[in-house]
Amino acid sequence: RETWSKKIDFLLSVIGYAVDLGNVWRFPYICYQNGGGAFLIPYTIMALFGGIPLFYMELALGQYHRNGCISIWRKICPIFKGIGFAICIIDLYVASYYNTIMAWAFYYLISSFTAELPWTSCTNPWNTGNCTNYFSKDNVSWSLHSISPAEEFYTRQVLQVHRSNGLDNLGGISWQLTLCLLLIFTIVYFSIWKGVKTSGKVVWVTATFPYIILFILLVRGATLPGAWRGVLYYLKPDWQKLLATEVWVDAAAQIFFSLGPGFGVLLAYASYNKFHNNCYQDALVTSTVNCLTSFVSGFVIF
């Protein structure tokens, strides 16, 4: 079985897989909702005793057996091959909605190449009479029926939900999103079509670019008026929350959602490692980077 050209290719691939939307938008929200800085205690405990051990286990299994998820579980125990099939089915579900989200993001990227961002004004063809731009210089009245231009752009232009009356009448195909989705699938295909030889080079962009953007947003946010108020709003601890069961459940769900064990990706990536590679060190490094990214993203958001 072929191996990674460089060790850094593997590390960036794992980091690029683990660091996703769950780090950038979900962790800050969950942290604020469950006691602010106090949430870091159950989060760290769940990471040390749940997330990181499973993360390490998948890397070790993949590196030792050097096969795909179905073959690995069949080698462990023939009846366990059903786990491998279940992982493949889960990946199909995840790919269906994750690529859709990327298609939305790509559509926003294309739409941003205008003199005026289309989701900042109420003068577009898809806007309704309820559209209210409270950032405009004009005096506006906000009512219960008022809708921001950003919301109308998302619901009426991107999703076009007004063209559907329900499950019995889904409406026509949105060709603009269909083309964006097709382009995303094409990019994914050509990123992995030659195995780790191509994906190992692609991750140099896909795994590092989000950190560049986060750093720019962090510096920009830190220079805005009231930045420290946002930080205190994010980290102010509510120790009473630690007594609630749902806080610990959310901490476990977040660490598993963030690190991503159980999807077969870590098994596949590690299977291309050299047999005597120090996967224990890799698990500690990549999982620590992942958790720190979640924490820093909170400063960017707040």
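From the backbone N, Cα and C atoms, a Cβ is placed for every residue, glycine too.
According to TrEMBL:
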BINDING   GLY16, ALA18, VAL19, ASN23, SER258, ASN290  Na(+) binding site
DISULFID  CYS122-CYS131  disulfide bond
TRANSMEM  10-28  transmembrane segment
TRANSMEM  40-61  transmembrane segment
TRANSMEM  82-110  transmembrane segment
TRANSMEM  173-190  transmembrane segment
TRANSMEM  202-228  transmembrane segment
TRANSMEM  248-271  transmembrane segment
Alpha-carbon spacing, CYS131 (disulfide bond) to SER258 (Na(+) binding site), which is rounded to whole Å: 36
Additional residues surrounding Na(+), by Cβ distance to the GLY16, ALA18, VAL19, ASN23, SER258, ASN290 centre under 8 Å: ILE15, TYR17, ASP20, GLY22, LEU259, GLY260, VAL289, THR293, SER294
Stretch of maximal Cβ-Cβ contact with the transmembrane segment (202-228) [cut-off: under 8 Å; candidates 10-28, 40-61, 173-190]: 10-28
Folded-back contacts onto the transmembrane segment (10-28), same chain, C-beta under 8 angstroms, at least six residues removed: 4, 59, 101, 196, 199-200, 203-204, 206-208, 210, 214, 234, 254, 257-260, 265-266, 269-270, 272-273, 282, 285-287, 289-290, 293-295, 297-298, 300-302
Length of the line joining the Cα atoms of CYS122 (disulfide bond) and GLY16 (Na(+) binding site), in Å: 37
Two-stretch contact, the transmembrane segment (40-61) and the transmembrane segment (248-271), at least three Cβ pairs under 8 Å: yes
CYS131 (disulfide bond) in three-state DSSP notation: strand
Same-chain residues at least 6 beyond the ends of the transmembrane segment (82-110) whose Cβ lies under 8 Å from its Cβ atoms: 21, 68-74, 158, 176-177, 180-181, 183-185, 188, 262-265
Sequence-remote partners of the transmembrane segment (248-271) [C-beta within less than 8 Å, at least six residues beyond its ends]: 1, 10, 13-14, 17-18, 20, 22-23, 26-27, 30, 33-34, 39, 42-43, 45-47, 50-52, 54-55, 57-63, 65-69, 72, 84, 87-88, 90-91, 94, 279, 287, 290-291, 294
Long-range environment of the transmembrane segment (173-190) - Cβ separation under 8 angstroms, sequence gap at least 6: 99-100, 102-104, 106-107, 110, 158-160, 198
For CYS122 (disulfide bond): DSSP state (helix, strand, coil): coil
